[in-house]
Amino acid sequence: MKNTQAPSAMPIHKYRPFHEQIAVDLPDRTWPAKRIAVAPRWCAVDLRDGNQALIDPMSPERKRIMFDLLVRMGYKEIEVGFPSASQTDFDFVRSLIEENAIPDDVTIQVLTQAREHLIKRTYDSLVGAKRAIVHLYNSTSVLQREVVFRSDRQGIVDIALAGARLCRQFEALAPGTEIYYEYSPESYTGTELEFAADICNQALEVFEPTPERKVIINLPATVEMATPNVYADSIEWMSRHLNHRENVILSLHPHNDRGTAVAAAELGYLAGADRIEGCLFGNGERTGNVDLVTLGVNLFTQGIDPQIDFSDIDHIKRTVEHCNQLPVGERSPWGGDLVFTAFSGSHQDAIKKGFEAMAARAQRESVDVDDLVWAVPYLPIDPKDLGRSYEAVIRVNSQSGKGGVAYLLKSDHALDLPRKLQIEFSGVVQAKTDAEGGEVTSNEIWAIFQDEYLPAPETESDAKWGRFELGSTSTANENGDHVTLTVTLRDGETVSKATGEGNGPIAAFFDILNARGINVHLYDYSQHTLSASESATAAAYVEVNVDGRRLWGVGIDADTTTASFKAVISAVNRSVRASASSVPAELAGV
């Protein structure tokens, strides 16, 4: 078949290939023949490199939540800030130290430029810390030297060495703190290799690495400029040319400008690196830092312990989304909502047969399925190992069916359902159509939706919609986030007032329900108005766990808070109805 592609009109004359900018020549490379057998040392830089790239940088509270998450997951080296750059970062580092929040086996890392007042301020922030890495950096690339610093190589070396000497000089400002050093030739990928090795080796002479006090040399792809194999070649070349190599921890810091940061990190690790810096789910400037979740779970899929706990990936994702105020993509490797979902009928059939084959083999060998080597088509990992269920994997409805239902609800009724609620409701529609057959119109879909999620108006139904019905509501004694809530609530045939407390209206409402023996836990919440007018009605959606059932509820009201209460009641009533009909928890609402 003839290739009919044609030249584009794009201005390719503006760009030069990487090999014409920086020479990386390693014909005797050895890394392609190597295999990864053990996890690298990890350093999470979410609190600095990730935080600086956020539209809304983390508050101290969100920073602490992120730090605690990283500690629980098992990260032992955590970059916590640039204390000389802002009072916020300085205060956060101090709070971690003064509140004894840093476990004995965790080392914090702080960033500084090579300036005297910044380095002194950095050491001031570390007073009282048991152990810390001082991360010194200055930019070394050809472009930065010419455009930003207007300096020759020696001028850049002088900056690095002056900074390194000041670091050693100011160690006395943090007595009792074990100080370790990291040096980064920033914009390393745009730096000539021989110059990168020279400036790193001169910095090493100042830092004086020993077996007990190794020095980290960090080689950042500050901007990803070439294919991952080129980065790996440069890492192997540097590993061969660094002095005191046995006392150097060679570290990688890939960015994702070309979309290949994970591959660059994995190949760079094969090429001789010992350590990798990155962020959870790849947050960071521009297209982000390398994704530590992808790197870690990739190791796990190969039977290599990542030495990091990813067993509750949804909690990790929700926490990161809260701290970063940015969503994790639905197809983000291992953590996205859709990564284990098959819409293709042939894929679903293969997955189903894979599960059946695993079960049959376990029975033949008289072992538990979890004791077998995982082997299911289209699923490179058991979703349960990341805390996921099989519910989304084995559902029968097609993508078009789900999309069509969601489109009609949005276009005809202005309801913009969250994706996971779309999936749940498409199962409800499928169950109805399987039982009754025939074409499903927009009006019929709306009727099914009302019957499942919304209380029918008294004029349209004589039947009780559910156990609970909301009356009036009021909040009082608001002190910061603390709320005391009073509601009028119908519980069966009884109408009474009830009071609850919590760190917000929904938490206070959960307190009221808990007092009635209903155990409710929130997973997800969203809301929107049904029109653009000032008096618009609001729709609220909640995903909750009600006494072991994970399901959605929907509430519609002129008041957004009341809409959220109604959504919770919707979910609770659905759970009660499912219990009464003995529907299994994972099929509640279907």
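Glycine is treated like the rest: Cβ placed from N, Cα and C.
Here's what Swiss-Prot has on this protein:
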DOMAIN    40-314  domain 'Pyruvate carboxyltransferase'
BINDING   Asp49, His253, His255, Asn289  Mg(2+) binding site
REGION    456-590  region 'Regulatory domain'
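The Mg(2+) site is set by Asp49, His253, His255, Asn289; from the centre of their CB atoms, other residues of the chain with a CB within 8 Å are Val45, Pro220, Ala221, Thr222, Pro254, Glu277, Gly278, Cys279, Gly284, Glu285, Gly288, Val290. Non-local neighbourhood of His253 (Mg(2+) binding site): Val45, Ser184, Asn218, Leu219, Pro220, Ala221, Thr222, Ile276, Glu277, Gly278, Asn289, Val290, each in the same chain, at least six residues away, with C-beta under 8 Å from its C-beta. Taking Cβ-Cβ distances under 8 Å and a sequence separation of 6 or more, the neighbours of Asp49 (Mg(2+) binding site) in its chain are Glu79, Glu277, Cys279, Gly284, Glu285, Asn289.
Looking at His255, Asn289, the binding-site residues in this record, the fewest other C-beta atoms within 10 angstroms of the C-beta turn up around His255.
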